[in-house]
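Visitor: OK, TrEMBL features for this one:
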type	residues	note
ACT_SITE	289	active site
BINDING	107, 123, 222, 223, 224, 225, 294, 309	ATP binding site
BINDING	142, 309	Mn(2+) binding site
DOMAIN	191-334	domain 'FAM20 C-terminal'
């Protein structure tokens, strides 16, 4: 073999060797990175796991007092919550001592008071898990399981802005009716062999009650925020008109965010960023119904946007409503 051929062959072998070496190192690095990613994922999942147990290891033995002291202007519960399982267990099991119609709103709910004086909001099951809500993205009744799922997504994202929610079965005949107010009792009726109620709300109708399976009704229970933290309601700047043929300004004005940035409380502080966070959260859960939102009262725009009323979510898994993200793509900030 001539010298020139040997040099060319040696050069080819050297290139192959270098590429092999780089490929192996890259594969090793990638494998190591993948393993570390998997370990981080498992650590996160372990930290998010909640066991509903009654035992409380805390100087305060009231679950309601513990939950109340968690609340601060920028979070409803802290990152480290070893008592979370015990509080959620109490929400799912404590005796109901009073039942009344829900607070103002468009959808059916009941206000319950649990043993120890804690207020909770009960939203009844209206659909089976696999029911698909057709039509507009905000169509249909509230979904109780959407409240539960949205709370846990809030935990996963690290927002910690949603009040605690847990699923619960209640017996309407033995747990609710004996302690119900006259106003709530007047909305009870029987459909076939099932106990039903229709409550008091903007869209509540005797012809559209929520019905138990016999006497047992499934629903979600949301922990009422402490009275020392009164709420203030705001119209969402990217709210819909809910009128066919009439668009809100943000739906046709691509420079709309510039106008929002000039108005209080979006001209300073974290509120506009909270709106954008919430848009991403709502897009993930499919909630196109956040026409209003709540913050803590007299906060001058400093407190968080509280993720209340997430029940108009997870209605149609085949629909991704891009317009929910309007605050993100119009403001171009996160």
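Don't overthink the numbers, they just go from 1 along the chain as shown.
Placement of Cβ uses the backbone N, Cα and C atoms for every residue, glycine included.
Distances, neighbours, how buried they are, the whole picture for these features please.
Guide: The number of other CB atoms found within 10 A of the CB of residue 289 (active site), across every protein chain shown, is 26.
Taking Cβ-Cβ distances under 8 Å and a sequence gap of 6 or more within the same chain, the neighbours of residue 224 (ATP binding site) are 118, 119, 120, 121, 163.
Long-range Cβ contacts of residue 142 (Mn(2+) binding site) within its own chain (separation 6+, distance under 8 Å): 107, 108, 109, 123, 126, 311, 312.
Model confidence over the domain 'FAM20 C-terminal' (191-334) is summarised by a mean pLDDT of 95.
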Visitor: Go through 223, 225, our binding-site residues, and report the one whose Cβ sees the most other Cβ atoms within 10 Å.
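Guide: Of the binding-site residues 223, 225, the most buried by Cβ count within 10 Å is 223.
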Visitor: How many helix, strand and coil residues does the domain 'FAM20 C-terminal' (191-334) contain under DSSP?
Guide: 33 helix, 27 strand, 84 coil
Visitor: Which has the fewest other Cβ atoms within 10 Å: 107, 222, the binding-site residues listed?
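Guide: Each of the binding-site residues 107, 222 was scored by Cβ atoms within 10 Å; lowest is 107.
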Visitor: The record names 107, 123, 222, 223, 224, 225, 294, 309 as the residues that bind ATP; what is their largest Cα to Cα distance in Å?
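Guide: It comes out at 19 Å between the most distant Cα atoms.
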Visitor: Filter the binding-site residues 222, 223, 225, 309 down to those whose C-alpha lies within 10 angstroms of the C-alpha of residue 289 (active site); answer none if the list is empty.
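Guide: Final answer, ordered: 309.
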Visitor: So if I draw a 10 Å sphere around the Cβ of residue 123 (ATP binding site), how many other Cβ atoms end up inside it?
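Guide: There are 26 of them.
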